[in-house]
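Q: Got a structure here, written out as structure tokens. Questions coming.
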Amino acid sequence: MKVLVLFCLVSLAAAGPLKDALNKAQVDAFYAEGYIVDGSNAADGDAPYQVSLQRTSHFCGGSIIADNYILTAAHCIQGLSASSLTIRYNTLRHNSGGLTVKASRIIGHEKYDSNTIDNDIALIQTASKMSTGTTNAQAIKLPEQGSDPKASSEVLITGWGTLSSGASSLPTKLQKVTVPIVDRKTCNANYGAVGADITDNMFCAGILNVGGKDACQGDSGGPVAANGVLVGAVSWGYGCAQAKYPGVYTRVGNYISWIKGKGVPV
């Protein structure tokens, strides 16, 4: 049986449409751990914008977009208070090294829909400025408003998410994988078979009809980059690394005006 998952969650048994599965997802939220599926260890400087969102331990990823702002997925922070969050950065390890900073404010998208996972984007303001400008701590550039990753172009996904859907152990080091963008129309047709919709605020990436490479639980909110630009945030999928169901990502290019409107200095 395949499973529908938000990539910060424990696996979800799902024989029905996305909406039904996500009702359970909301109960299980924030208890997943994770690795990139079929990735490799990231090296210093590969993803200096990557951060780990933590309460008592890692539960989601995020991206540094300014020295006091993190971009992540709305489903990662739903129901959480800023005071409960710590951000670890400037390290390839989610559980040691680098630096930590507390969150002071959480800004979830006002139109985030937990049934369809549309508008799955959020910002976290840090209580103090992060020390950036080092090999493993740099803000990533944002795309132009309205930009959309081109089909067949490649993106770099990084995170500490699970090796396979439902797995529980975390990798020691940050993982990375490169996958191609899948045409939205094709992806939408495939996901239609399981009652899910790929909106204009999402895009898909993976090796269609082959699978094997993907983000998975624990990677949610983390960066999807193309040529040093943050084009996406890890969002959800039907299982992990399935041949017909590539990973689904928040299309950051549709939210630049929203980000600037929240006072982010980009």
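Placed from the backbone N, Cα and C atoms, the Cβ positions cover glycine too.
Quantities reported herein were computed from a predicted structural model and do not represent experimental measurements.
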Q: Which residue in the list Cys60, Cys187 does Swiss-Prot annotate as forming a disulfide bond with Cys76?
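A: When Swiss-Prot is consulted, Cys76 turns out to be bridged to Cys60.
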Q: Have a look at Swiss-Prot and say which candidate in Cys187, Cys216 forms the disulphide with Cys204.
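A: Swiss-Prot lists the disulfide between Cys204 and Cys187.
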Q: Given the recorded positions Asp120, Cys187, Cys204, Ser220, Cys240, which lie within 10 A of His75 (active site, charge relay system) by CA-CA distance?
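A: So far as Cα distances go, the recorded positions lying within 10 Å of His75 (active site, charge relay system) are Asp120, Ser220.
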Q: Would you mind sorting out which of Cys187, Cys204, Cys240 (the disulfide-bonded residues) have a C-alpha within 10 A of the one on Cys76 (disulfide bond)?
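A: So the list is empty; none.
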Q: Fill in the CA-CA distance, Cys204 (disulfide bond) to Ser220 (active site, charge relay system), as an integer in Å.
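A: Here the two Cα atoms lie 14 Å apart.
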Q: Here the recorded positions are Cys60, Asp120; which one has the lowest number of other Cβ atoms no more than 10 Å from its Cβ?
A: Asp120
Q: Which one of these disulfide-bonded residues has the most other Cβ atoms within 10 Å of its own Cβ: Cys76, Cys187, Cys204, Cys240?
A: Cys240
Q: Taking all residues of the domain 'Peptidase S1' (36-260) together, what is their mean pLDDT?
A: 91
